[in-house]
Amino acid sequence: MAELEADLEHVIPSSVPPFWAKLVVGLVSLVCFARSYDGEFVFDDSEAIVNNKDLRAETPLGDLWHHDFWGSRLSSNTSHKSYRPLTVLTFRINYYLSGGFHPVSFHVVNILLHAGISVLMVDVFSVLFGGLQYTSKGRRLNLAPRSSLLAALLFAVHPVHTECVAGVVGRADLLGALFFLLSFLGYCRAFRESNKEGTHSTFWVLLSILLGAVAMLCKEQGITVLGLNAVFDILVIGKLNVLEIVQKVLHKDKSLEYIGVLRNGGLLFRMTLLAVGGAGVLYVRWKIMGTGPPPFTEVDNPASFADSVVVRAINYNYYYSLNAWLLLCPWWLCFDWSMGCIPLIKSAGDWRVIALAALWFCLIGLICQALCSADSHRRRILTLGLGFLVIPFLPASNLFFRVGFVVAERVLYLPSAGYCMLLTLGCGALGKHTRRKKLIAALVLGILFINTLRCIIRSGEWRSEEQLFRSALSVCPLNAKVHYNVGKNLADNGNQTAAIRYYREAVRLNPKYVHAMNNLGNILKERNELQEAEELLSLAVQIQPDFAAAWMNLGIVQNSLKRFEAAEHSYRTAIRHRRKYPDCYYNLGRLYADLNRHVDALNAWRNATVLKPEHSLAWNNMIILLDNTGNLAQAEAVGREALELIPNDHSLMFSLANVLGKSQKYKKGTSQPAMASDDQGSKHAAVLLLTPLEESEALFLKAIKAHPNTASYHGNLAVLYHRWGHLDLAKKHYEISLQLDPTAPGTKENYSLLRRKLEQMQKKDV
C-alpha cells in the first residue's frame with residue numbers, strides 16, 4: 001500500500017486529510033451534474049413517475065409492496081417484475097413534499113445522492129486499497145489517502161453515470177448503490193468491533209445482510225454486495241492465497257493448513273451467514289415476484305432469442321466488450337441501445353469479434369496478475385477491483401436469466417467503481433516505471449477534466465426529451481426506438497410533417513414496430529389519409545393481436561370511412577383485450593350516436609364515466625344527446641352529476657347552461673324561499689333558489705370567465721338573454737361572439753333578428 005501511495009505522489013503531491021478529500025469529491029460531483037437540476041421528466045420518467053398512481057396520496061402505501069416499479073401489479077402478465085418499492089416510496093415522498101410533479105425537486109435529490117455516494121466512495125476505496133488494520137485504540141492504519149482520493153474523483157466524474165443522475169428513474173441505481181456501500185462498510189465494521197484478530201461482530205454481519213436486502217428493494221443488483229463481502233472477507237480477513245491453494249491441489253499436497261484459517265477465523269461461519277441470508281432474501285423476492293419471468297421480447301434483447309448457443313455466447317461477450325468500452329471511453333452515450341442499435345454477430349468473419357478477443361486478452365492478463373503477482377498487496381487490489389467490476393454486473397450479464405436490454409449505462413454505476421480502482425492502480429504502475437512523472441500527472445488531470453466536461457455536456461442533453469433523443473441519432477442511427485422517440489417528440493410539439501418522416505424510418509428499420517405504426521396511423525388519420533392509416537393499423541394488430549390501442553385507433557379510422565360494422569368490431573376487440581378502457585367506450589358511444597342507436601350510445605358513455613369519472617367528453621356527449629332528443633330533465637340530472645365530479649369544467653358548464661336555458665320548469669323571474677334545518681333542528685335559514693334561466697346565466701358567465709375567447713359561449717349566452725328579454729346584454733354578447741368568429745352563421749342570423757326587433761321597438765317608441 002505504501003508503495004502505491006508513493007507511486008501516486010506525482011499526481012497528488014501531498015496527503016489530503018479525509019475531510020478535505022471528501023469535500024473536494026463532493027463538490028466536483030456536484031459540478032458535473034448540477035446542470036441537470038432544472039431538467040424535465042424525460043424518457044422512462046413519464047411512466048415511472050408522472051403516470052405512476054403509486055405516487056399519489058389516494059393509493060394506499062401497502063400497494064407499493066404489491067406493485068412493480070411502474071405501478072403495475074406484480075401478478076399481472078404484463079408486469080416488468082422490477083420490484084423496487086423503496087425507490088417508489090422516495091418518489092412518493094418527493095411528490096408529497098414538492099406538492100406535485102415538479103421535476104426540480106426530483107432532480108436535486110438525485111444530484112445530492114450521487115454526491116453522497118461519491119463521498120462515501122472515499123471510505124470504501126480507503127478500505128479496498130489500505131485493508132483493515134487497527135491500532136490498539138481502534139484507529140485504522142493505512143488509510144491510502146492518495147489512491148482513495150484519486151479513485152473517488154474518477155468515480156465522481158465518470159460520464160457513464162449521467163443516466164442515473166440526470167434521469168430521475170436512475171434513482172433506483174443510486175439508492176441501490178448507497179445501501180450497497182453501507183452494507184460493505186457495515187461488514188468491515190464487524191472486524192473493528194471485535195477484540196481479537198480474526199474474530200468478528202455477528203451483529204454487524206447481520207446488519208450488513210439487512211442493508212443488502214434494503215439495497216435489493218431499491219434495485220435488484222443491490223443483493224450482489226453479499227458476494228463482494230464474501231470476496232473481501234476471503235482475501236483481506238482470511239488472507240487466503242488462491243494461487244497457493246491451487247498449487248497445493250495440483251501437487252496433491254496433503255497439507256491442509258489453509259483449512260485451519262477457515263476454522264480459526266470464523267470464515268466458514270460468516271460465509272454460511274452470507275449464503276443463508278442471500279438465499280433467504282432471494283427466495284422472498286422470487287415469491288413476491290411470482291414464478292413467471294418478465295415478458296421481454298426479441299427487440300429488447302435479440303441475442304437471448306438466438307437459436308444457436310454459440311451465437312448467443314458470442315453476442316453476450318460482445319455486449320460485455322461494449323460495456324467495457326463505455327467505461328474506458330464514455331464519449332458515445334445513448335439513452336437506449338435496443339432495436340437494431342447493435343446488430344447480431346452471426347458469423348466468425350464479423351470484424352467485431354476482435355472486440356471479444358481484446359476484452360478477454362485484457363481480462364486474462366488482469367486475472368493472471370491477480371493470481372501470480374509476487375506482490376501480495378497488488379494481488380489483493382487487482383482481485384478486489386475485478387470483483388467490484390464483475391460481481392455487481394452479474395445480474396445484467398444474461399448468465400442467470402434473460403434481461404430486457406442489450407446495453408444499459410445505468411447498470412455500470414457500481415461496476416465503474418472497480419474500473420476506477422484498476423485505473424488508479426494503473427496510474428501508480430505507470431508512475432513507477434517511467435521518469436516522465438509530470439506527463440502521467442497531466443494525463444490523469446486531463447482524464448478528470450475531459451470527463452467532467454463530458455458530464456456537463458451530457459447532463460444538458462438529459463434536460464429535455466428533444467435534446468436527449470436527437471443526441472442518440474449520431475450514436476445509434478440503426479435504432480428504431482431512437483427514431484420513434486424523435487418522431488413522438490416532434491408530434492407532441494405539433495410538427496407532424498417531420499414526425500411522419502421519423503416514424504416511417506422507425507418502421508423501415510423495424511418492420512414489426514407496432515407502436516411506430518400506431519402513432520404514424522394516428523397522424524395520417526388526422527391528416528385525412530385514411531386508407532394508409534387503415535393499412536398501417538391493420539398490420540399492427542395483425543403483428544400484435546392484443547394491441548388494444550391500435551384496435552381502438554383502427555376503429556376510429558373505419559368509422560371515418562363509414563365502415564360502421566368493422567369499426568364496432570375493432571372497438572369491441574380493443575375492449576376485450578383491455579377491459580378498463582374508457583376512451584374506447586367513448587369512441588364506441590360516438591359510433592352508436594352516428595347510427596342513431598341512442599340507448600347504446602348512452603350506455604357506452606356511461607361505462608366510460610364509470611371507469612373514468614373525470615371523462616369530460618363522455619359526460620358532455622351524454623348531456624348533448626339527451627338535450628337533442630328532448631330529454632331535458634334527464635340531461636339536467638346528468639349535467640349536475642358531472643359538475644359535482646368535475647366542478648371546474650367549463651364545457652360542462654356550457655352544456656348544462658344550454659339545457660337550463662331551454663327548460664320551462666318555472667315561470668320566468670320567480671324565486672321561492674325555502675326552509676332548511678341543521679342536524680339538531682334548532683336553527684333555520686332561508687335559501688333563495690335560482691330559476692333555470694338565472695342558473696343558466698350563472699353557468700354561462702362562469703364558463704366565459706374560464707375561457708373568454710370562445711365564441712360559442714358568448715353566442716349561446718346572447719341567445720339566453722334574447723329569449724329572456726335582456727336585449728341590450730344579448731346585443732353585447734352577439735357582437736363579442738361575432739368578433740371572435742365572424743363566420744358563425746347561427747349567431748349572424750340571431751343577431752339580425754335581434755337588430756330587427758330593436759328597430760321595431762324604436763319605431764314603436766317614436
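Quick reminder: no glycine exception, Cβ is built from N, Cα and C everywhere.
The feature transmembrane segment, as given by TrEMBL for the ranges 318-339, 384-405, sits at 384-405.
Looking up the ranges 200-217, 686-703 in TrEMBL, the one annotated as transmembrane segment turns out to be 200-217.
With Cβ pairs under 8 Å as the measure, the transmembrane segment (353-372) is packed most heavily against 223-246, out of 168-188, 223-246, 267-286, 439-460.
Sequence-distant contacts of the transmembrane segment (223-246) (same chain, six or more residues past either end, CB-CB distance under 8 Å): 128, 131-132, 180, 183-184, 187-188, 191, 198, 200, 208-209, 211-213, 215-216, 258, 261-262, 265, 267, 270-271, 274, 277-278, 281-282, 285, 371-372, 376, 379-380, 383-384, 387-388, 391-392, 394-395. For the transmembrane segment (384-405), the residues of the chain that approach it from at least six positions outside its boundaries are 80, 128, 180, 220-221, 224-225, 227-228, 231-232, 235-236, 293-294, 296, 300-301, 303-304, 312, 316, 319-320, 323, 337-338, 366-367, 370, 411-412, 414-415, 417-419, 421-422, 425, judged by C-beta separation under 8 angstroms.
Per-class residue totals from DSSP over the repeat 'TPR' (514-547), listed helix then strand then coil: 27 helix, 0 strand, 7 coil.
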